[in-house]
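According to Swiss-Prot:
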type     : residues               : note
REGION   : 1-318                  : region 'Ribokinase'
MOD_RES  : K179                   : N6-acetyllysine
BINDING  : N195, L196, S197, E198 : ATP binding site
ACT_SITE : D264                   : active site
Amino acid sequence: MKVTLPEFERAGVMVVGDVMLDRYWYGPTSRISPEAPVPVVKVNTIEERPGGAANVAMNIASLGANARLVGLTGIDDAARALSKSLADVNVKCDFVSVPTHPTITKLRVLSRNQQLIRLDFEEGFEGVDPQPLHERINQALSSIGALVLSDYAKGALASVQQMIQLARKAGVPVLIDPKGTDFERYRGATLLTPNLSEFEAVVGKCKTEEEIVERGMKLIADYELSALLVTRSEQGMSLLQPGKEPLHMPTQAQEVYDVTGAGDTVIGVLAATLAAGNSLEEACFFANAAAGVVVGKLGTSTVSPIELENAVRGRADTGFGVMTEEELKLAVAAARKRGEKVVMTNGVFDILHAGHVSYLANARKLGDRLIVAVNSDASTKRLKGDSRPVNPLEQRMIVLGALEAVDWVVSFEEDTPQRLIAGILPDLLVKGGDYKPEEIAGSKEVWANGGEVLVLNFEDGCSTTNIIKKIQQDKKG
């Protein structure tokens, strides 16, 4: 499956929030201090990186999108270092300088890839006049496709509700990385992106995925949100939207060195993808891939388009087109965005023969993409008897995915794929045999969506049952 990155260069995003400077001191440690039972680090490298809302803007700019950053800083060396670092990566800064406060700075001391201590230099910006921030937002709304509010509870978003209303009035989606348990502050936002700990701090401990969905949907209703994305660490992400099935995406992280700034990467990629004109589901797909990359780096980091493309391609190509239901929905959404016609068929495909191959090739000719939905082993056993399937599901799917005619392969557990088809809603639903169109599972849903249903003939003389009988006869003979 070929995956096309969003057109990030046409995306304009404004980030407003708590800006900070992350400082890193690196060095070896080989002894314990005689003054106290602590390691002595001989510092040999010092780095400075934008953090907080500034890291979100960096992530947006690293994708090639147009990033604008608004926040509160002091008038000091840290503010100047921030401005220079951000200008170097094409982030347009429009800071509000507050003479009475220092720029928020976090110093981390590391040795042997381990963080030993963090020192914070800050005074909250609560009580600072928010009007200059509002003015900057108003000036930018006509030229951006998304507004990110990055909340680290340092005071820049004290008037967050007014900021939400300004953006919603202009029709600009508002994405918020929340802080604390008072989600009333974020009422009316387009999307909240809490991690699981932040989510459970508001709704209570969730023992199952079903509880996450149930309580998340209540949260959406209570605070008039358009959507909620719960990031769940090694369990991936869950996107919840009113009137839609939950979208659960498994994690793509191979190795985890440091989760610092991972939430910034997620919301940055989400915003840039939405501002480029892609759907929220597609935005989550790319954000999930980006998160898998960034947690494999040390410290606050960004993801380049090449890294993102490689991560996405690696996931999309796994198993020769074999996909989860959630991944398939994203792939179909992307295909539709490109104007491609999606064809779908289903079956057991136990022992693949010439009749199957011919049928699938003919089905593929009717559109641009072909989905093959395959009965699980349990489903096959219920339909065909205890002796079937001959080949387990994984092998059947890999063989189907290797066919040139087949783009995507997905499995289903039920006796029929009606639920799956209703979730995918292909442009054309195809079935082989002597069915009448109205007898085909999922036909009513496809027709109701404006799609077509077609019956194709199988090649005469080819059937899995006949092949099995012949094998059994040959063994007896």
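First residue shown is number 1, and so on along the chain.
Glycine residues also receive a Cβ, built from the backbone N, Cα and C atoms like all the rest.
Fair warning: this is a prediction, and the values are worked out from it, not measured in the lab.
I'd like these features described in context: how deep, what's nearby, how far apart.
For K179 (N6-acetyllysine), other Cβ atoms within 10 Å of its Cβ number 18.
Cβ neighbours within 10 Å of L196 (ATP binding site), excluding its own Cβ and spanning all shown chains: 16.
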For the recorded ATP site, enumerate neighbouring residues of the same chain (Cβ within 8 Å of the Cβ centroid of N195, L196, S197, E198, site residues themselves excluded), in sequence order.
P194, F199, E200, A201, V230, T231, R232
On a simple 10 Å Cβ count over all chains shown, which one of the recorded positions E198, D264 is most densely packed?
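Of the recorded positions E198, D264, the most buried by Cβ count within 10 Å is D264.
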Given the binding-site residues N195, S197, which one has the fewest other C-beta atoms within 10 angstroms of its C-beta?
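Least crowded of the binding-site residues N195, S197, by Cβ count within 10 Å, is S197.
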Mean pLDDT for the region 'Ribokinase' (1-318), as a whole number?
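Result for the region 'Ribokinase' (1-318): average pLDDT 90.
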Give me the CA-CA distance between L196 (ATP binding site) and K179 (N6-acetyllysine), in Å, as a whole number.
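Between the Cα atoms of L196 (ATP binding site) and K179 (N6-acetyllysine), the distance comes to 12 Å.
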If you compare CA-to-CA distances from K179 (N6-acetyllysine) to each of the recorded positions N195, S197, E198, D264, which comes out shortest?
E198
